[in-house]
């Protein structure tokens, strides 16, 4: 069936973020601004982490990878979202649709595991500061990142193969701004039981694992912070952890509400709005919440700007 789908190559029509055939220039400008802000913030973090020797700790190693994933994550979907706001009804081939699905799912799961690795790193730094360098070795950090990428791509490959093997009408209108798993399942004309079972079993386990790790890490941090005698120290820790938890809750909450419910409860309008949260909003917030407010990152940015100014003088 998958081979037949590829050879017949049915076209899908992405109807975009908003129903109807009208253009939406104001929404286009809004999302273009968010996309550019995302690219600026995340690419700045990638460059700063790789170029400044003072940012060689495990925390910034993970942040650099998270920023790279966030740039790629939004690049998979936002350009088509922008095109759909000006020209509704974008045609996309079978191969293009499922390639987009593959990379979107892989990058989204990679992000969730990187968030878990970052929370584990912070828990070790707060709860076992004397053993931090022994626990968070360069080898272990690299292994955590490699495992995040590997698990995510295997997970994405499984679901993409299962969903691409289904039959679809030609042409099929996709009430979304990208080819998402839930949308494609709702369009399929063949039996979707195997794909849905995989999503609710393997998929739920893959998503809940990093969520559980994040929850346990921040619970340990909370217990450690409550033991701090300094009121100022507790306030700073709660402020930082609170911002992190808001972003994590937005990401995991919107993902769980979209992908892990019966297909009979599918709502195109809700899925599109929730997708904006985890596919556009949280990747844009991540560099500003996790790193660009940090004194060390600000210092690295100032050093980089000073070095550039001096080099231009000569």
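Cβ coordinates are placed from backbone N, Cα and C, and glycine is handled just like the others.
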Range annotated as transmembrane segment - as stated in TrEMBL, picked from 141-168, 169-196: 141-168
From 272-292, 293-313, the residue range that TrEMBL assigns the feature transmembrane segment: 272-292
Segment assigned the feature transmembrane segment in TrEMBL (from 10-29, 30-49): 30-49
Within-chain partners of the transmembrane segment (61-82) [C-beta distance under 8 Å, separation at least 6 from its ends]: 14, 16-17, 28, 31-32, 34-35, 38-39, 41-43, 45-46, 49-50, 90, 92, 100, 103-104, 107-108, 110-111, 114-115, 117-118, 121, 141, 144-145, 148, 177-178, 275, 279-280, 283-284, 286-287, 290-291
